[in-house]
Amino acid sequence: SYDRGSTFNVFVGKGQLIAGMDQALVGMCVNERRFVQIPPNLAYGSEGVSGVIPPNAVLHFDVLLIDLWNSEDEVQVQTYFKPEKCPRTVQVSDFVRYHYNGTFLDGTLFDSSHNRMRTYDTYVGIGWLIPGMDQGLLGMCVGEKRIITIPPFLAYGEEGDGKEIPGQASLVFDVVLLDLHNPKDGIAIENQHVPESCERRSQAGDFLRYHYNGTLLDGTLFDSSYSRNRTYDTYVGQGYVIAGMDEGLLGVCTGEKRRIIIPPHLGYGEEGRGKIPGSAVLVFDIHVVDFHNPSDSVSITVNYKPSNCTVLSKKGDYLKYHYNASLLDGTLLDSTHSLGKTYNIVLGSGQVVVGMDMGLQDMCVGERRTVVIPPHLGYGEDGVEGEVPGSAVLVFDIELLELVSGLPEGYMFVWNGEVSPNLFEEIDQNHDGEVLLEEFSEYIQAQVDSGKGKLAPGFDFEKIVKNMFTNQDRDGNGKVTAEEFKLKDQEAKEGHDEL
């Protein structure tokens, strides 16, 4: 048979062999080798075989059993590893991805998906596989390992495959199942942690910041936001992420942790992407850090308000306050308490983010409030390098400690009483008809010190005075004359008349 390059295939005990060989093969194991001596009465007797075996010849056979099966055999399944958790098993019409080594009964390897470094991907139970494999894969869990032994009539039969597999060969597949889904599957969500307090859940159009670990069903990690030390930031429900994630991120709370299992038709499909193979089920373990909607405004919660609360903060007021600044997940960003000094601003002057300017409005001294600021009213998409993440919602716990009323909008200095009719002459101390910056500065300082005038609080004195002087010095020669000098209300009236 070695010379012919093919095994001898035959049923035993059915008269297809000489009587001695029929007896000699009984009880043999695959890979067993026997030396068989058969007398002529159990071989070809006194006739022999013309030109090949002489009459009354004793025959000697050196037999090596390669394969063995019975027409009543079925597929044999031996599971040698099964995961503790098995939420789902292979059913008819499921799509699976698995690795295998394919051998004959004698251990000879004929094929291996491992050698190709690519899983075998197919539907089960609909005729895409040999019948024995269609049966042998049913009931498997992801991560399970099986030995599936298939008789030839449930494999490639009498003809073989015309390549590596000869006719009438039993096949042994060592299989590990890596992936499993059904084309009818939707996403699956497993809640791992939901905060007790959940005032708001995400909706389509919201912008989310979340961390995730992305794995395949067998646990292989393909991506992680944690490894980049940065959240993944995106709109949800608008097609910015794969369809399964778009759906899975709806209805979450800030601080929630959930597992989202996404079938490939809602993930990266048959082609896959990067480290994600084609037709792969994806598992995302996500942690929602915060979310907001572009239409959100500042949210203000008053935690304490004094009984005497008549003077309320307004634009232009000079405020001193303490704050703790944190992210929605509670991560502390900054605190004036740790610095041991208040934060001081002129409200509405652009010294803080827009959301803080809004959050400090209509507040009285001693009041405490929590101000939640969406990123478009905070530090935006860029954040502050090393301090505030991009697109972060900010939470400020504020206590107003001091309020100095500001001036009307557009004024940097006002009189507390009647304005002298000879104002220019009073400022022009040397009576030369020209006022220099030094004279102007000394006069304003004297009015403030005496309580006759008031400067806008919270600004640098020299800058205010220089600005006021420049406004009066209309020709820019460093001197103000009586013709140039006008009070603000006079300027407004003249402007109105011109209009």
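A Cβ is built for glycine as well, from the same backbone N, Cα and C atoms used for every other residue.
Curation plays no part in TrEMBL annotations; they are all automatic predictions.
Here TrEMBL flags 1-69, 93-181, 205-292, 316-404 as domain 'PPIase FKBP-type'. Sequence annotations record features per position, and here TrEMBL assigns domain 'EF-hand' to 415-450, 460-495. Feature annotation from TrEMBL assigns region 'Disordered' to 472-499.
Helix, strand and coil counts under DSSP for the domain 'PPIase FKBP-type' (1-69) come to 9 helix, 14 strand, 46 coil. With DSSP classes pooled into helix, strand and coil, the tally for the domain 'PPIase FKBP-type' (93-181) is 13 helix, 35 strand, 41 coil.
The stretches the domain 'PPIase FKBP-type' (205-292) and the domain 'PPIase FKBP-type' (93-181) meet in space: the count of Cβ pairs below 8 angstroms, excluding pairs fewer than 6 apart in sequence, reaches at least three. Note on the domain 'EF-hand' (415-450): residues 461-462, 465-466, 468-469, 472, 478-482, 485, 487 of its chain, located 6 or more positions outside it, place their CB under 8 angstroms from a CB of the stretch. In this model, the domain 'PPIase FKBP-type' (316-404) carries an average pLDDT of 95. Taking H, G and I as helix, E and B as strand and the rest as coil, DSSP gives the domain 'PPIase FKBP-type' (205-292) the counts 13 helix, 37 strand, 38 coil.
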